[in-house]
Amino acid sequence: MASTTLLSGFGMKAYTYALFSCKRRSLLSSLTQNAIDSTSKKSVRRSIKMDQEETRIAKQAIKHAIRALRKRHLVEEAAHTPAFIALSRPLLSQGSEWKEKAENLEVELQQCYKAQARLSEQLVVEVAESRASKTAIQEKEALITDLQNELAQARDECSRLNTLLEEKIKALDLMISEHQDLKQQLEAATVRANNFEAENKMLIDRWMLHKMQDAERLNEANAIYEDMLGQIKSNSIERLARQQVDGVVRQSEEGAEYYVESTIPSICKQRIPAHGGGCAAIVFECNSTKLVSGGHDRDVKIWDADTGAQSQTLKGCSGSILDLSITHDNRTIIAATSSNNLLVWDASSGRARHTLTGHVDKVVAVDVSKFSSRHVVSAAYDRTIKVWDLSKGYCTNTILFHSNCNALSFSMDGQTICSGHADGNLRLWDIQTGKLLSEVAAHSLPVTSLSLSRNGNVILTSGRDNVHNLFDMRTLEVCGTLRANGNRVASNWSRSCLSSDDSYVAAGSADGSIHIWSISNAKIVSTLKEHTASVLSCSWSGLGKPLASSDKNGVVCIWT
């Protein structure tokens, strides 16, 4: 029994030793396999870097290998069991030695297991690191791809900019060459312009010489005419004095022409509320006390200046009346309107004869030839001056100029047009050709009014600089300047006037007053105050009296 137990104990020892041997071999195999696995792990690292699918396949291969080793270990353990039993019996005496070896092997086995666990942990860490590395590599590869795309775009943009730069350089070269050509052309044109200027100056000097000679001849003729007129006046003064009626002296019984001495007005005889919204234009009929007025209410009215009664109203205007003119036979009235046209009425019947169209802006000035009632001249804010034939009702000539014209007047012979412009200049034009004959800087601000003397030798100009100048029509030299501290021109179309005997000048002011100057001494002889608004227009009767004025409220005053 004891032997059996001993054998049994020895068998158990042998079995244990065999089992430990098998486990040791299995552990060695496992360690070997772990070494292999370590080598495989390096290859796996490399394969992980190549592709994720290869990593997964490698992991599955490792798992299958471990399962196979475990199965092999179990099979070997079962195969060696009978051998362990047979060998256990003679080895009972060596039990203690085997026991010690078994314990040592068990300790060694535990160490192997710990080493295996550490290697497994290291493998897990290495796999995690490999995954993180692969993720980082993928991110870097994506970043590299983006940077490569940006680099490609930058190269394309650089190529495009280089192409554009080449085009700009070519265009710049072309512009430089064109600039050189234009510079040469400009130099040639400058030389030609200098030549033309010298030639023009020479022609102007010659023309001025001829004008001076003509002026001298005209002065001589006027002196002869004045002497003859003085002789006629002195010879017939007694007879004319007997025919004097109300300050008007007829030169002949037929009354074809009047010699008039104007009186200085001082009293407002009539105060007429003529128009609603303002009255900008008034004019007396020739050698008559009938007054024609036009206003903002689009009506033209005819008044008896002696009684202040209205005798007629002319309608048909579609805009405000800005200027009026009457033919010397008093048969036709022409109105310049803000509706870009002129209306022509028959004064006796009050019917409209013509509507003169052609301007494209408001018509601000109109005048009828003093030589012939056929020709009319008008100016508008479209920078044109137009000459009209009243018998046919259409425009015969158009003058274009860069500065708008505010006032017009015909010369006595009807061959020259005088115009006052917004640039302050007085200009003379040939009615037939429309050419500029001469010009002079009359005012520092726009010209507002022109008034020609009865003999046609002097023209009165008024401007927004509140100065009234008298020019000699033959030389365009200033022969008189009139100004007053309180006199302020109210608008660009404020009209001043000369008296019928060319002795006085009347001009309205923005404060409602009217100043009367004596031309002989350039001093104020009277100041009239009746208006409560800015005075826009003054007109002196050809009979010497009365004087009429109109203001922005539409009130017309008759002064005697």
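Cβ from N, Cα, C; glycine included.
What TrEMBL lists as domain 'Autophagy-related protein 16' is 91-219.
Residues or ranges marked as coiled coil in TrEMBL: 102-206.
For the repeat 'WD' (272-313), the DSSP counts in helix, strand and coil order read 0 helix, 23 strand, 19 coil. Under the heading repeat 'WD', TrEMBL lists 272-313 (among others).
Tertiary neighbourhood of the repeat 'WD' (314-355): same-chain residues 277, 280-283, 285-286, 288, 290, 292-296, 298-302, 361-368, 370, 373, 376, 378, 380, 388, 390, 393, 493, 495, selected by CB-CB distance under 8 Å and a gap of 6+ residues from either end. Residues annotated as repeat 'WD' in TrEMBL: 314-355 (among others).
TrEMBL lists 356-398 (among others) with the feature repeat 'WD'. Counting same-chain residues at least six beyond the ends of the repeat 'WD' (356-398), those with a Cβ under 8 angstroms from any Cβ of the stretch are 319, 322-329, 331-332, 334-344, 404-415, 417, 419, 429, 431-432, 434, 452, 456, 492-493.
The residues of the repeat 'WD' (407-439), classed with DSSP into helix (H, G, I), strand (E, B) and coil, number 0 helix, 20 strand, 13 coil. Among the features that TrEMBL reports, repeat 'WD' is placed at 407-439 (among others).
The repeat 'WD' annotation in TrEMBL covers 440-475 (among others). Cβ atoms under 8 Å from those of the repeat 'WD' (440-475) belong to residues 211-212, 214-215, 218-219, 222, 370, 406-413, 418-426, 481-483, 487-489, 491-498, 500-502, 505, 507, 517, 519 of the same chain, restricted to positions at least 6 beyond its ends.
According to TrEMBL, the repeat 'WD' annotation covers 498-527 (among others). Mapped onto DSSP classes, the repeat 'WD' (498-527) shows 0 helix, 17 strand, 13 coil.
Same-chain residues lying 6 or more positions outside the repeat 'WD' (528-560) and placing a CB less than 8 Å from one of its CB atoms are 247-248, 258, 260-263, 265-284, 286-289, 291, 293, 295-297, 303, 305, 308, 490-491, 493-501, 504, 506-516. Feature annotation from TrEMBL assigns repeat 'WD' to 528-560 (among others).
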(request) Please indicate, using numbers and ranges, the residues of the same chain that are 6 or more beyond the repeat 'WD' (272-313) and have a C-beta under 8 Å from a C-beta there. (result) 258, 319-326, 328-330, 333, 335-337, 345, 347, 350, 491, 493, 495, 536-543, 546, 548-558
(request) Kindly state the mean pLDDT of the repeat 'WD' (356-398) in the predicted structure. (result) 92
(request) Please spell out the DSSP helix, strand and coil residue counts for the repeat 'WD' (314-355). (result) 0 helix, 23 strand, 19 coil
